[in-house]
Amino acid sequence: GSCVRLFVCFMVGIFIGFTPFFSVDVSQKIVSRLPFDDGVDDKGKELDAIVVQKEVEVVDEPEVEQLSPPVPAMLDDEVDFVEAAKPAITDLVIPVRKLLIVVTITSARPQQAYYLNRLAHVLKGVPPPLLWLVLEWPVTTFETAEILRSSGVMYRHIVCRKNLTSVRKIAVCQRNNAIYHIKKHHLDGIVHFADEERSYMGDVFEEMRKIRRVGAWPVANHDASKYRVVVEGPTCKGNRITGWNTIQKKGAPRRFPIGFSGFAFNSTMLWDPQRWNRPAMDSVIVHSGGRGGLQESRFVEKLVKNERQIEGLPDNCNRVMVWNFALEPPQLNYPAGWSLWNHLEVVKDL
């Protein structure tokens, strides 16, 4: 009897040991036959197949789709609108403007502060890049430096230290120092000698950026002695110069009847003559000889051969953008440092 019991216990142990191999199938059959399931055996099997299939599809989906939550249907139109409003990077156009190099000569006199502040106000409204070269004689004064620092314009303050007595030679020294500075640093831009006494519209500086070699435009000159205004400069058909408006003064005739405030030129003509298929141009400076506009005409003659190499601005040269008014007062006692603390007459009304 004991042997039979040992044999029965041994067989039960073996049966229990093999039971895990069949647990999965048994559980699936039990789950498919739960009492609250509406389906029968066949329907339960179909349900199991559908669930397994859906689980496989979720696993096979890309990770990007899992991370991006679905957009509600009510927001689809709004999202499409926002995406369409974003500009593509390839559609962004960044304007590239030519550097303007504005050369201004100045010296201590009663209306210096007025002239510099007025010109600084115009240059501040010109879109960058713009470099203001201010040439002073015989030293750089604190008052001029303060105006430049507060102007909001990128500038360089240069001095002409030569001991000169002639106003004409002082101006030549100042302009030539600016030319040497441009050559030394290879500044690439459009150069214009903007005298501080002139009145400028901001549009003329935008027109200068169109210049390839040399450009010229009409200037209105106020004749204080005869109370009239004379327009001097080119006459054009489009951008092609066909003639000149001028009143020829006594002396040698001018090849190009324009003043410093009536033209601008490409700075590379000063330091890169190979670009223009020309020989070395070290002689392109302002000479002190010549009156009645000959100084400006001889300077332009070194840059171009004829009118075909000069561009008329604006189109048809039918707009005045620069004025020259005779506003300089007679000789006045110039207060040192522009200060008026001493020798003031006080008038008191009783």
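Going from the start of the chain as shown, residues are counted 1 onward.
Glycine is no exception: its Cβ is also placed from the backbone N, Cα and C atoms.
Now, the feature entries from TrEMBL:
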type	residues	note
SITE	E232	site 'Interaction with galactose moiety of substrate glycoprotein'
ACT_SITE	E296	active site, proton donor/acceptor
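A sphere of 10 angstroms centred on the C-beta of E232 (site 'Interaction with galactose moiety of substrate glycoprotein') encloses 19 other C-beta atoms. Its Cβ taken as reference, the residue listed as 'active site, proton donor/acceptor' is surrounded by 21 other Cβ atoms within 10 Å in the chains shown. E232 (site 'Interaction with galactose moiety of substrate glycoprotein') and E296 (active site, proton donor/acceptor) are 13 Å apart (CA-CA, integer value).
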